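Record features (TrEMBL):
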- Thr67, Ile235: pyruvate binding site (BINDING)
- Tyr160: active site, proton donor/acceptor (ACT_SITE)
- Lys190: active site, schiff-base intermediate with substrate (ACT_SITE)
Amino acid sequence: LLLEWFSLLVTRYQSSLTMQQFRLPRLTVPTFTPMTPDGELDLDKIPAYARLLSQSGVRSVFVCGSTGEFPSLSLDERRRVLEAWCQARADGLIDTVTAHVGTCCLKDTILLARHAVQKCNADAVASVAPWYFPIDQIDATVELLAKVAAECDGKPFYYYHIPMFTNSKLDVAQLMRRAAALVPNLVGLKFTDSSLSQLAACSEVVAPDGRQMQAIIGLDDLTLPARSVGVLDGIGASYNLIPDVVNSLADSFDSGNLSTARSESSRIRSLFEAISSAVEGYGMVSLLKITMSLMRMDLGPPRLPLKPLNSPARIILEQRLKFDGFLARDEAQEKLA
């Protein structure tokens, strides 16, 4: 009995130590979900997609997030997409896979979490809070996150904060302080919001056992401003499109070359301005996905309710990207079909 008690203490200590040490790298790509022209999964493209990212210096992926159109995928499809990315990791094409498992149904979220850790051995798990019935109480949100995290077999767990879609009005820093004390495998959050003060407050949260929460910026145009409050890590769709620019920004900031870092930050903003202003009536994920096909690799159309660009809109977007110099640079590279 004494030996069992001692073994349990050692296991808990080792798990706590792992949680304290785990951090996603400074750049993680939120992956697009490859589709065929008729809107079915095209998983055969994932190995080439993973290889393209790796060659660009990005070997960490965030699977089935907003960029990956997770609300438009069935549970089975989300499982299959994650399995394909974990196979790419097994093949040495990438290093780290974070599985986003959030849904509006707690039971479904738990099923996805179990699959992520038990079948796929994902490196980390993340979950957004339900958005159809938004939770307006911190305690209820923490309770829900704790139930999901408890199904992750001790794997690092991230809260996905994206109030533009969840309509959450909660103080996220207060939520993280409460959750860090009650969820032993919580290691941080993906922060997709524009409040730098809240971002900074989240990055300063430390759990009672010493776990420093990792705050990860989820808005591309705040990649540089986030660094001013000590947040050095990001998950952004532009890392698919212009990883050279984002890597240069990070390297320049780290080396104290703020002039170059600001220039690269301006380049990221220019890309999103070009994409969003070229055509109207399409969602950002639709625009980003077609931009990916124009600049780097064809991953197919988005799925309804998101609409693919019609031919005139596609031509206008292509012309705008060429005018702003984004397409010209990538045309010098070998684009994957």
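Using the three backbone atoms N, Cα and C, a Cβ is placed for every residue, glycine included.
A map of TrEMBL features onto the structure.
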{"residue": "Thr67", "record": "pyruvate binding site", "DSSP (3 states)": "coil"}
{"residue": "Tyr160", "record": "active site, proton donor/acceptor", "DSSP (3 states)": "strand"}
{"residue": "Lys190", "record": "active site, schiff-base intermediate with substrate", "DSSP (3 states)": "strand"}
{"residue": "Ile235", "record": "pyruvate binding site", "DSSP (3 states)": "strand"}
Looking only at Cβ atoms, how many others are within 10 Å of the one on Thr67 (pyruvate binding site)? 25
Neighbour tally for Ile235 (pyruvate binding site), based on other Cβ positions within 10 Å of its Cβ: 27
About how far apart, in whole Å, are the alpha carbons (Cα) of Ile235 (pyruvate binding site) and Tyr160 (active site, proton donor/acceptor)? 11
Sort out the sequence-distant neighbours of Lys190 (active site, schiff-base intermediate with substrate) for me: same chain, 6+ apart, CB within less than 8 Å of its CB, listed by position. Phe62, Gly65, Ala126, Tyr158, Tyr159, Tyr160, His161, Ile162, Ile216, Gly218, Ile235
Cβ packing number for Tyr160 (active site, proton donor/acceptor), 10 Å threshold: 25
